[in-house]
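> Checked TrEMBL, it gives:
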TRANSMEM  40-56  transmembrane segment
TRANSMEM  86-105  transmembrane segment
TRANSMEM  117-141  transmembrane segment
TRANSMEM  147-167  transmembrane segment
TRANSMEM  284-303  transmembrane segment
TRANSMEM  362-380  transmembrane segment
ACT_SITE  H376  active site
TRANSMEM  387-405  transmembrane segment
TRANSMEM  417-434  transmembrane segment
Amino acid sequence: VNCLKKKKKKKKQDTFFFFLIVCHSLQESLLSSASGYSNYRGILNWCVVMLVLSNARLFLENLIKYGILVDPIQVISLFLKDPYSWPAPCLVIASNAFIMAALYTERRLSVGTISEATGTFLYFINLSVILCFPAATVLTVTSMTSVGGVFALGVYTIVFLKLYSYMDVNRWCREIRKAKARTLSRSHSCPSVSRANGAAAHALVTYPGNLTHRDMYYFMFAPTLCYELNFPRSSRIRKRFLLRRLFEMVSLTSDFHFRWMVPTIQNSMKPFQDMDFSRMVERLLKLAVPNHFIWLVFFYWFFHSSMNFVAELMQFGDREFYRDWWNSETVTYFWANWNIPVHKWCLRHFYKPMLQRGVNKWVAQTAVFLVSAFFHEYLVSIPLKMFRLWAFMGMMAQIPLAWFVGRFLRGNYGNAAMWMSLIIGQPIAVLMYVHDYYVLHSSQAQGGERGVEL
């Protein structure tokens, strides 16, 4: 025993002296990609602290200089006094008529009052009007601003996608119910399995018990485009989490982030005929940085802060609104992971049904890009009241770009190509719209001045 104790003591001494002599080992720096280190929580906290300090200073400066510029009570009173001077909110409120039309159509279909063909026709009319009615309103109402038009058309596009999913899922439920009815009639048995589970079975909503106003409006406000009878729900509302997301939403909408961009954008307002090719490239690169910054701020504000805020408020359990698109090595991976709600909708209600009908995979993927290109152009051209197809062509150009990157570029080269398409590709389309909008309105302004002179 004494010998063993002496050996252990000597071993500890040897280990101690070893660490005194050898203090280096083969290892990478933490910020090196080869280190495998991924805990950057402290850096994120630093960003939050800097965001708080910068916006606090800006808030105090604006409050001292200008006072309270926007009174929420006054805004509400003005809207109630003259609602027609606010066409965009009125247009959004009118969307409830289409939502109710879809709900009552489903109720008639669930009890067999109308046939499936009649229901499909009613849905076709309802969904068509959802796209055409706001577009016609934006184009004809002169008091509608471009920002208000984008907001109203964005809401109607979301309602369109949600109601299409609502139609599909309820139709699937009716098909399952009919299939079960045929099976039960053949076996002369009763569906007593669901009753055996007791309270757990009653906690779930079954068709047609989901056709209620509460269920419909929960789906309308939930941060998803795909309808389900039973959404995953969180157990409680985390108030601290809710306040953090609210603070991020308010901070990111501050003009502090965009004030430095205004001179750059204003200096870029020149027609192409006044510039040579090198000047046009320089103007494009000048717009690339502020455009990309705005896109990144919008992504975080909408997909992380806003959607998590709404999900927490509604106890919506599925918070996968985006994946690691920043690590994309192909263009296809980026489009499949930066906007998960739209990706799930396209996969569930458009891409897979086309494959089930025997459509070729490449044709189905092209069709998905075609639909996405249509909605991009729909949300840009109509509010600007200009039909130039730059957004449409930009989206369709992603198809050959995705093929080229997937075929010839791999790893970091593919990731760099994805970032280049975001930083340079988007500003090209933005520059074209900015240029056309500037030329159109400047020519109108010059024509008005000439008319006044005459």
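Glycine too: its Cβ is placed from the backbone N, Cα and C atoms.
Values in this document were obtained by computation on a predicted structure and should not be read as measured data.
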> Residue list, the transmembrane segment (417-434) vs rest of chain: Cβ under 8 Å, 6 or more residues beyond ends.
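Residues 265, 268-269, 283-284, 287-289, 291-292, 295, 328-331, 334, 380, 384, 386, 388, 390-391, 394, 397-398, 401, 405, 409 contact the transmembrane segment (417-434) from elsewhere in the chain.
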> Mind checking which residues reach the transmembrane segment (147-167)? Cβ under 8 Å, same chain, six or more beyond either end.
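Residues packing against the transmembrane segment (147-167) from afar: 87-88, 91-92, 95, 98-99, 102, 106, 123, 126-127, 130-131, 133-135, 137-138, 216, 219-220, 225-227, 342, 345, 348-349, 375, 378-380, 382-384.
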> Which sequence-distant residues neighbour the transmembrane segment (117-141)? Criterion: at least 6 residues beyond either end, Cβ under 8 Å.
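Contacts of the transmembrane segment (117-141) (Cβ under 8 Å, skipping residues fewer than 6 from its ends): 87, 91, 94-95, 98, 101-102, 105-106, 108-109, 149, 152-153, 156-157, 159-160, 163-164, 167, 378, 382-383, 385.
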> Could you pull out which residues elsewhere in the chain have a CB under 8 Å from any CB of the transmembrane segment (362-380), counting only those six or more residues past its ends?
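Same-chain contacts beyond the flanks: 131, 135, 150, 153-154, 157, 342, 346, 350-351, 354-355, 389-396, 398-399, 433.
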> Might you list, by sequence position, any residue in that chain lying six or more from the residue listed as 'active site' with a Cβ less than 8 Å away from its Cβ?
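A391, F392, G394, M395 - these are the non-local Cβ neighbours of the residue listed as 'active site', listed in sequence order.
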